[in-house]
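What TrEMBL annotates here:
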type	residues	note
ACT_SITE	E288	active site, proton donor
ACT_SITE	K423	active site
Amino acid sequence: MAHIKFDSSKLSKFVHDNELGQMQALVTAADTELREGTGAGNDFRGFIDLPVDYDKDEFARIKAAAKKIQSDSEVFVAIGIGGSYLGARMAVDFLSHTFRNYEPGRKLPEVYFAGNSISGSYLADLIDMIGDRDFSLNVISKSGTTTEPSIAFRILKAKLIAKYGEAGAKGRIYATTDRAKGALKTESDAQGYEEFVVPDDIGGRYSVLSAVGLLPIAVAGGDIDELMHGAADARSEYSDADLSKNEAYQYAAYRNILYRKGYTTELLENYEPTLQYLSEWWKQLMGESEGKDEKGIYPSSANFSTDLHSLGQYIQEGLRNLMETVVWVEQPNHDLTIPVEAGSQDGLAYLENRKMSEVNRKAYEGVVLAHLDGGVPVMTVSIPKQDAYTLGYLIYFFEAAVAISGYLNGINPFNQPGVESYKRNMFALLGRPGYEEMTKELNARL
Ligand code: PA5
């Protein structure tokens, strides 16, 4: 039985009983493309077997490096963007105390992320935050040439060298990059940084279960054995093309049915603030995989109940192109009882002695029913709790779903050609050598 549960039972107003069955032939074909490598992007199917087929020696080195960083650093900075950032950020948030870096009694290093914007203010504040404390860097870039992390790395490396000297700094830089090529690989080889590999057959957005995600997660105290264990069990669970047995494929199929009926935007929702970055990771996974050839579901997100007070009106009554997927946590990390307050004026007497988890659940149930009434199809992925095993399982659920979803929609779910357009413009506008003609043309248009 699956460790997490996909619930489509509230879709009856939007999807006829026979429609899922009608998708079976298409899903079987998509599954064949995926598993036999006959589909587009077949060089990037490494995520399928990654939970069992990974470099065990490197995995041991990741754990050893994490231990070393935990013992010699008060602050750890993971530098990366997109697929080289969001998975680790998601997992650290998902698995930690809400205020991890300020948690009373915390023994492990503070964990920060850099290189995910071009904001000088952010980096300056981070440098201020590190202060004179001991720190280490993990620079993560598959290409080794991405502008944002490259700038952040250069600036933070200078701080590291200023504190520890050239030789000391080298022992505090961990580089996660391509096995054989790229600027970061060349520098790492030359400088002797400890290196970890982004496997050739795994794209950035599918890479959280490789060294890309595993080192930051392990430094933050996440149980990476359990993370892989959960993903491995999910791999077995979601290996059958039969829709009646495979809930990840059901999710893909329902999304596809709804998309073809005009539900072109999907909101991933949560009721736990520590799941906010799950949505950010999911948005890249879905958006970069599906948004091409002028089609694809637009992935968006909402954090509830927070956003019910800002986006709730639109979701309830705005343009009817929305579908929702809730990631619901059955057993929250902590619970509180609403206290009795004599003579209270706040109208909460009926909630006294009741648990916050009950109020949160009723909010979720009430929202689902309201949104269904408002014409929004709602699906739910229920997870038992927020632990590493469950997260590994959930990661695999979404990865399997989006790969099938991409093939159902007739696109390559593993490339991202569109990401280059803004980069070319930015390089030209910054005067990068080789872009001279483009620089003139773009400046004339500004
Ligand atoms: O998936 C993608 O292609 C992007 O989001 C990349 O992950 C991101 O640009 C970072 O790339 P790199 O790891 O090469 O620095």
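Along the chain as shown, the residues are counted starting at 1.
Glycine is treated like the rest: Cβ placed from N, Cα and C.
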K423 (active site) and E288 (active site, proton donor), distance between Cα atoms, whole Å: 16
Cβ-Cβ neighbours of E288 (active site, proton donor) (radius 10 Å): 24
Where E288 (active site, proton donor) sits in the secondary structure, as DSSP reduces it to three classes: helix
Number of other Cβ atoms within 10 Å of the Cβ of the residue listed as 'active site' across all protein chains: 13
